[in-house]
Amino acid sequence: MTKMMKTTKTSSVLLALSALAALARSDPPRCEPGDELLAKCTDIVLGYCDDMSYSKTVLPNLLDQRSREEVEMGTEYLLLSVLHSLLNGECSPDLRMLGCSVVVPRCERDRPVKPCRTTCEDVRRSCAHAFEGISMAWPYFLDCDRFFVSDEEGCYDPLEGLRARQEVALASISPEEPSTIIQFIYHSNAQMINMLKKTAAQCSHISQTYSIGRSFEGKDLLVIEFSDNPGQHDLLEPEVKYVANMHGNEVLGRQLLIYLAQYLCSEYQLGNERIQSLINSTRIHILTSMNPDGYELAAAEVEDSNDPDSEQGPTFNGWTSGRANAQNIDLNRNFPDLTSIVYSRRRSRRYRSDHIPIPDSYWFGKVAPETYAVMKWIRSIPFVISASLHGGELVVSYPFDLSKHPQEEKMFSPTPDEQVFKLLARTYADAHASMADNDTDRCGAFFSSKGGIINGAQWYSFPGGMSDFNYLHTNCFEITVELGCDKFPAEEELYIEWQRNKESLLSFMESVHRGIKGIVKDKHGKGIKGARVSVRGIWHDITAAEDGDYWRLLAPGIHIVSAHAPGYRRLTKKVRLPARMQQAGRVDFVLEEELQEPGMEDFGPQMMDTYERFDPYNQFERYTLTELGQNGEERHEKPWWWSYFIQAGNAAPTWLLRNE
């Protein structure tokens with residue numbers, strides 16, 4: 001079904017591109033055979049280049065194309081004619097006009113004048129991400145070193161006319177206070193990737209994108225990161241993540257996170273002190289879509305619902321179509337069930353509820369590539385808090401999601417950190433426009449008496465959830481945010497939903513700066529990786545990161561906190577956290593070495609070895625490998641636009657394929 005929808009959608013785009021190309025080739029009449037142009041200045045008669053700041057060109061052009069017919073039939077001009085549609089209007093008309101400066105160069109004294117290299121470099125910096133978004137290489141004829149020259153060599157700016165028109169248009173607009181401009185529309189998978197890369201490029205000093213893996217159908221699971229030092233973990237700087245679209249048909253969260261990325265970038269540049277403080281003190285990771293394959297199916301169904309005779313769409317079976325990934329796996333039931341392990345051991349003297357190893361038996365089941373990628377991601381970065389955005393209700397739920405009694409579907413099943421989880425859930429719900437209201441007529445009325453938050457298992461019980469896995473396998477505290485009853489709201493509702501959720505999204509990230517933080521180190525000042533930080537009365541420890549830094553979320557009050565590690569003496573401190581404390585308290589530990597008595601440490605090398613085992617039998621290593629063909633060569637599936645250029649009758653433009 002997914003393949004069918006994808007094919008239909010691609011065919012419609014290709015049909016539109018074919019129509020555009022036909023116009024390009026039929027406008028205006030071509031020269032008669034044998035009627036070659038001489039090397040002299042002539043009028044520009046190519047329809048897609050007739051708005052340049054000059055009116056005269058010359059043949060042969062900079063690509064050594066010697067006739068108008070050769071130019072029109074070339075893949076280069078064909079690409080220029082369809083760029084706007086291919087890139088969904090991105091960098092238009094800048095890219096087209098830059099290409100025209102090569103295909104129909106400016107002519108002076110019967111000789112071509114080359115365009116300026118600086119203009120080319122500016123456009124490439126701003127627009128390279130647009131080509132990456134559709135898996136297309138930067139066109140060879142826009143090579144800034146090959147076809148463009150420096151100011152000293154006598155160049156011209158091919159975009160000077162465009163800039164002059166833009167300045168006139170801007171001058172007619174009354175000046176206002178600069179503000180963030182966001183287009184509140186739905187984004188396809190390609191548009192989403194494009195937007196994230198564009199945003200990161202605009203704020204490259206505080207942002208970058210990186211991939212954590214691929215979906216079952218090969219789509220990038222792309223994360224955008226914000227930090228004053230992107231790509232690096234800074235000592236004592238907490239890490240936060242947002243994950244959306246885990247269920248492909250629950251799409252509001254996906255859109256909100258795309259808008260959030262744009263908002264963070266723009267507001268930081270505009271000097272918003274709150275946003276600058278947040279990004280300068282926090283490392284933020286945003287995975288806008290964990291299930292892009294499911295989204296494609298759900299989006300195709302919504303498109304079908306626009307047919308007045310259709311009985312499909314979000315009002316009908318949209319509640320389930322696209323929920324699972326392309327393997328029909330519900331990703332929020334696909335994580336290791338560590339909660340059952342904790343319940344089975346809770347009467348043991350050495351019972352613990354943190355850093356539970358993944359059982360080897362898990363790897364013999366069906367593990368989705370999306371789940372695999374997220375687990376590796378969670379293990380690789382010391383996340384402190386996280387929120388997973390869903391749809392279908394209006395409430396925030398928190399662990400445990402699995403009932404402590406197997407026969408009870410709605411049983412309150414708290415973690416040892418019940419107080420902290422309630423604070424996190426309350427932070428999001430209270431900042432939301434209506435989530436915490438006691439209005440019984442609203443969406444989520446069942447939770448109105450609970451202030452818009454609930455323990456997950458008390459709502460309904462299920463195993464293998466992502467939030468329980470975060471808490472039991474790592475240091476990360478994750479909540480689940482149900483954003484509303486409509487899983488795929490109408491596009492006109494997106495701006496309203498952004499306004500309802502914006503403050504919650506910001507407040508939740510800021511809430512990572514509560515509790516205590518510090519460094520666990522030895523007497524020489526070296527951080528102790530993996531040192532455990534314990535709080536009396538809370539049977540859940542957290543561990544220090546690579547350089548010994550740690551973050552321990554705590555509710556206000558007096559806490560007895562200790563740090564310990566194999567080969568070191570335990571150190572205990574008394575900590576008082578005021579109710580209105582705005583930042584995490586700094587509590588460092590300097591541990592003294594001591595001889596370790598056998599069997600005394602509950603988290604010794606043997607337990608660590610078990611914890612470090614991930615995919616021990618390499619069952620799913622293929623998810624991180626490039627697929628190979630029969631002869632061992634890399635097999636690359638051609639992008640969706642490739643068949644169009646082949647059908648157009650030109651030589652295969654291999655220069656448009658990316659080398660990955």
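Glycine is no exception: its Cβ is also placed from the backbone N, Cα and C atoms.
Caution: TrEMBL annotation is automatic and unverified by curators.
Marked as signal peptide by TrEMBL: 1-26.
Per DSSP, the domain 'FZ' (36-158) is made up of 54 helix, 15 strand, 54 coil. As annotated by TrEMBL, domain 'FZ' applies to 36-158.
What TrEMBL lists as disulfide bond is CYS120-CYS144.
Here TrEMBL flags 185-512 as domain 'Peptidase M14'. Model confidence over the domain 'Peptidase M14' (185-512) stands at 92, taken as the mean pLDDT rounded to a whole number.
Annotation source TrEMBL lists active site, proton donor/acceptor at GLU482. The local packing around GLU482 (active site, proton donor/acceptor), expressed as other Cβ atoms within 10 Å of its Cβ over all shown chains, amounts to 26.
Cβ neighbour counts within 10 Å, taken over all protein chains shown, single out CYS120 as the most crowded of the disulfide-bonded residues CYS120, CYS144.
Across the structure, GLU482 (active site, proton donor/acceptor) and CYS144 (disulfide bond) place their CA atoms 48 angstrom apart.
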